[in-house]
């Protein structure tokens with residue numbers, strides 16, 4: 001089974017909610033759960049293989065092998081454990097959302113984003129190539145940003161989303177740099193090679209820098225101190241998002257990364273100090289702050305911070321079984337944290353409040369929810385018979401085994417015991433305050449409406465699982481945790497001995513935490529008063545101050561360098577280029593390379609002179625915009641003639657069509673500007689510009705002469721030799737565009753589409769009126785559309801479209817192709833706008849140009865992806881011949897589909913820009929929305 005299918009299921013399934021926009025939350029949640037459920041079943045089918053064999057399954061799809069970037073996937077015990085958590089908890093969250101959003105604000109956007117987030121997380125844990133993993137890493141930051149800021153009208157939600165994006169995005173940049181160094185040290189970005197090169201990587205001179213950068217990325221993602229600020233402020237998201245983020249996904253990504261790279265980076269003193277000390281600080285800070293939080297979700301958020309620190313501490317200890325303990329607690333944490341967040345969401349809906357000073361005595365209204373929450377809280381506190389009890393004792397046991405450095409033998413056990421005390425205290429608090437502690441006080445909703453029994457099913461399942469793990473840990477450990485532990489260590493390891501947890505010291509530490517936590521909560525009133533006297537640090541204020549300072553510093557530097565003058569920017573750039581290149585060219589021994597120049601015929605000389613004269617004309621008349629624009633168009637025509645003169649018909653056709661469209665679009669844009677611009681240049685500035693321009697011109701001429709007169713072997717011979725056998729076409733230019741350099745073309749049409757959509761966005765709400773008089777003032781003609789032009793345009797349109805189709809179909813073997821055909825179609829339709837006006841043209845042709853752009857990019861992309869199905873690199877084309885009766889040999893090439901995508905994108909982008917600029921020209925005001 002292809003592993004990529006596990007990622008593609010939620011990725012493509014994200015389209016399903018969009019098709020059901022406006023339907024009930026039940027239907028949306030049920031449909032959205034199907035891809036997640038199928039993923040879970042596919043992963044479970046791999047479980048026997050992972051348990052029995054243990055060897056990693058690696059599958060590769062060639063993408064950009066020259067850059068070391070392949071779409072390669074890896075499934076082993078570690079990846080399977082995290083993938084099961086992501087999909088299993090994801091199914092529960094989608095089931096929970098079915099009831100949570102019942103009759104409220106659920107939209108298709110929420111479920112689409114949740115499935116995209118699931119796909120991104122699955123991409124992280126199943127990637128074999130680290131560069132490929134980074135793509136999914138950044139996708140989790142983007143999708144979590146949109147999920148946290150789901151309530152766009154809530155300022156706190158927008159702030160929390162921005163905080164998460166800034167912190168995790170900054171960490172992602174550091175991680176990118178660290179992985180680049182790691183790949184250079186290992187000689188590959190494939191995990192199969194990196195995990196075997198641990199000794200070589202740790203001996204690298206860049207190991208320290210590499211480790212710090214990778215840890216920075218992991219720490220920001222997993223909310224480690226002091227980067228934990230974003231996680232509590234993410235509580236503004238809907239509760240299903242909070243439950244998913246905290247229990248199984250976003251915050252676990254950094255932990256997964258360190259567990260995955262453990263064989264390559266761990267077992268050094270630097271690793272021990274950085275990872276262990278960060279985990280210790282995060283463990284204590286999160287536990288202490290959680291105890292004094294009054295908001296239910298806030299308490300659970302800081303408890304998550306604390307538990308993430310606990311796992312990070314175990315990853316850094318370096319004891320033989322610490323990594324197994326970390327993975328076991330990671331599973332336990334997911335099983336009790338998801339139900340607690342779901343409980344908080346139900347209570348919030350029922351009471352209209354999350355303040356535990358007002359939410360009391362809920363046992364009278366929600367007895368079933370009380371029982372389930374009691375079990376989950378007991379697991380979080382680490383009570384006997386619960387999964388949390390075992391994972392806490394594993395932590396105690398591993399902390400006692402640390403012998404180097406000497407201070408750690410005392411400090412670490414004492415530290416984790418104290419943090420466990422706080423953990424017990426806040427676990428008791430959230431259960432006791434919500435369900436007991438007297439009667440409710442001033443609740444916004446009264447009486448509270450308890451959730452239906454069916455709505456508790458997503459809570460029951462993980463609660464039963466946490467009981468099962470607590471009562472029978474060995475089977476669960478051997479099925480899930482032990483294969484992950486073995487994959488993380490990359491060596492044969494013995495199973496964890498749970499009987500070792502019955503030692504005297506781990507038992508005493510557990511009793512200390514349980515008794516101390518109960519006493520701490522019992523004496524909470526004076527402790528809360530003492531806490532109120534302590535100086536408070538507001539993470540939001542710190543973040544806002546840092547953002548203000550960074551913005552102010554950036555603006556200060558920008559204002560020093562930029563004054564809005566394009567002339568100044570170009571002068572700086574070109575002068576710098578002249579100096580740098582000039583310094584390098586001082587030592588050139590000889591400019592003439594010895595290759596004889598071709599004879600200069602009179603026609604070429606005349607065209608060159610006219611080209612120079614028209615270019616000078618643009619410079620001389622640049623203050624008069626219309627003459628300058630016309631001269632610029634004439635310059636483009638001479639360039640077209642030059643291409644034709646030197647046997648480049650494809651380039652000539654493209655240049656001609658581009659010139660026509662460019663002049664039309666620029667005339668539309670310039671119609672809102674004065675016909676002339678003021679003369680603001682001083683003699684000094686003119687002298688500066690003339691000097692820079694002269695040096696640039698002489699430099700380019702000399703550089704071109706030096707290159708063209710030297711013998712050289714170009715890549716042209718390769719393209720000429722392989723155009724037909726490799727690309728199936730004799731038009732080398734077209735084969736280069738759609739085959740040899742197809743990835744470049746895909747990027748270009750994507751940029752073109754983005755530019756067109758940007759123009760649409762900028763002009764969408766812009767209401768302007770064209771001038772109806774000149775500055776003379778002379779009134780313009782009342783009828784702007786000539787009758788003769790309209791008559792000719794209607795006759796030209798079908799002919800132009802027929803020519804466009806002909807140019808498109810023959811492009812693989814003769815001058816033409818999708819780009820030229822798209823421009824011809826765009827010019828023909830532009831003529832209709834010019835002849836009949838915007839309103840007339842809108843009424844007679846479809847205006848859905850944005851979907852046309854999207855369809856074009858998707859057609860081109862899926863043409864490239866199709867080659868993966870046959871084991872070939874991205875955008876590999878196939879071609880062949882069919883014999884058709886009465887017709888004969890008929891050539892087919894998949895590059896034609898790619899060219900069709902180029903055609904659709906060019907037509908859609910050009911007309912979207914034209915129509916939205918033309919909309920601004922209407923004197924009576926804007927027409928209907930175009931795009």
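Backbone N, Cα and C define each Cβ position, glycine as well.
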Which stretch, out of 652-670, 671-689, 709-727, is listed as transmembrane segment by TrEMBL?
652-670
Quick one: which of 433-452, 453-472, 473-492 does TrEMBL have down as transmembrane segment?
453-472
Mean pLDDT over the domain 'MrpA C-terminal/MbhE' (685-766): what is the value?
85
Just give the helix, strand and coil counts over the domain 'MrpA C-terminal/MbhE' (685-766), going by DSSP.
67 helix, 0 strand, 15 coil
For the transmembrane segment (749-766), which recorded stretch in the set 299-317, 323-347, 787-807, 819-841, 853-875 gives the largest number of Cβ pairs separated by under 8 Å?
853-875
According to DSSP, how is the domain 'MrpA C-terminal/MbhD' (611-675) divided among helix, strand and coil residues?
53 helix, 1 strand, 11 coil
At a C-beta cut-off of under 8 Å, are there same-chain residues at least 6 beyond the transmembrane segment (299-317) that contact it? List them, or none.
222-225, 228, 231-232, 234-235, 242, 246, 251, 255, 258-259, 262, 266, 271-272, 274-287, 289-291, 293, 323, 325-326, 329-330, 333, 337, 340-341, 344, 356, 380, 395, 398-399, 401-402, 412, 416, 419, 422-423, 426-427, 429-430
